[in-house]
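Shown next, in structure tokens, is the structure this report addresses.
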Amino acid sequence: MRFGFHLSISGGLPAVVDAAERIGCRAVQFFVRNPRQWKNRRFDDKEVEIFLRRRREAGLWPVVVHLSYLPNLAGPDKEIRRKSLQALLEEWRITLRIGADYLVVHPGHHHGSGLDRAHERVAEALAWSLTQEPAREDGRPRILLENAAGQGTEVGADLGELRRIRAFLGPLAAHVGYCVDTAHAAAAGYRFRTRWELDRFVDVLDSVLGMDRVALWHLNDSRVPVGKRVDRHWHVGCGAIGRDAFRRLVRHPRLESIPAILETPKKREQDDVENLARLLSL
């Protein structure tokens, strides 16, 4: 299994590759704007050119863009939706421009408007971006729907919701896959701590989503007990999921070919180094 981290682009795109090499990443994920602002970030051609060259030299795969926090594709508010659609399109265009492999998207919150309509709204947003700016002829990049922890009116805690969103897309569904976050799955009530539970969870992934469509893991432990429906990431092996569960997961024959990104807490770069060392020792 290939491991990487969510890193900051505050120093520019090429600096992400430098950080990945220092930590020992084989994959990388980042935001392409301040995740708590609507303002778009611009990248000049030279920066993109250097990033593409450095990424090739470092052998990073996959390169993942994560949609910023403010867009809510599932919500009913018209002004927020307008801004969300614009942000999604802008970040999708950047994903294409920098040669990234995936854009990870949270469905958002329905705010009491109901799941059925929320699923349609998310699908309509994805379809709009894919129509405005089609993927390359090789089918890359792809948009990945990420499962949720289930806080409040969050959409996507039930894996079947992600499948329903994708089903609304018709032919465009070929450009959409899934990212499975372990902390979110545990918070939503999915269990995979024992060998039997993990095998059962993999069967659920396959029957509900299709393993061929699960393109990425977010490997995060959970700071809260299983089923609490609260999103609190923690260091791998140090939370409610535990070391043994992660050891079995990263070695599972049906999962080990899927790359993984860690979004574990960090106060310094060494925190990432330690989390990676812990994973590699499993």
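Even glycines carry a Cβ here, placed using N, Cα and C.
Noted in TrEMBL for the protein shown:
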type    : residues                       : note
BINDING : HIS66, HIS106, GLU146          : Zn(2+) 1 binding site
BINDING : GLU146, ASP181, HIS218, GLU263 : Zn(2+) 2 binding site
BINDING : HIS184, ASP231, HIS233         : Zn(2+) 3 binding site
DOMAIN  : 17-272                         : domain 'Xylose isomerase-like TIM barrel'
Top Cα neighbour of ASP231 (Zn(2+) 3 binding site) in the set of binding-site residues HIS66, HIS106, GLU146, ASP181: ASP181
If one measures from the C-alpha of HIS106 (Zn(2+) 1 binding site) to the C-alpha of GLU263 (Zn(2+) 2 binding site), what distance in angstrom results, rounded to a whole number? 14
Closest of HIS66, GLU146, HIS233 to ASP181 (Zn(2+) 2 binding site), Cα positions, binding-site residues only: GLU146
Counting only residues 6+ away in sequence within the same chain, which have a CB under 8 Å from the CB of HIS66 (Zn(2+) 1 binding site)? HIS6, GLN29, PHE30, PHE31, PRO35, LEU103, VAL104
What is the total of other Cβ atoms whose distance to the Cβ of GLU263 (Zn(2+) 2 binding site) is within 10 Å? 15
Near GLU146 (Zn(2+) 1 binding site), which binding-site residues out of HIS184, HIS218, HIS233, GLU263 have their CA within 10 Å? HIS184, HIS218
Min neighbour Cβ count (10 Å) across binding-site residues HIS184, HIS218, HIS233 flags HIS233
Please report the number of other Cβ atoms within 10 Å of the Cβ of GLU146 (Zn(2+) 1 binding site). 19
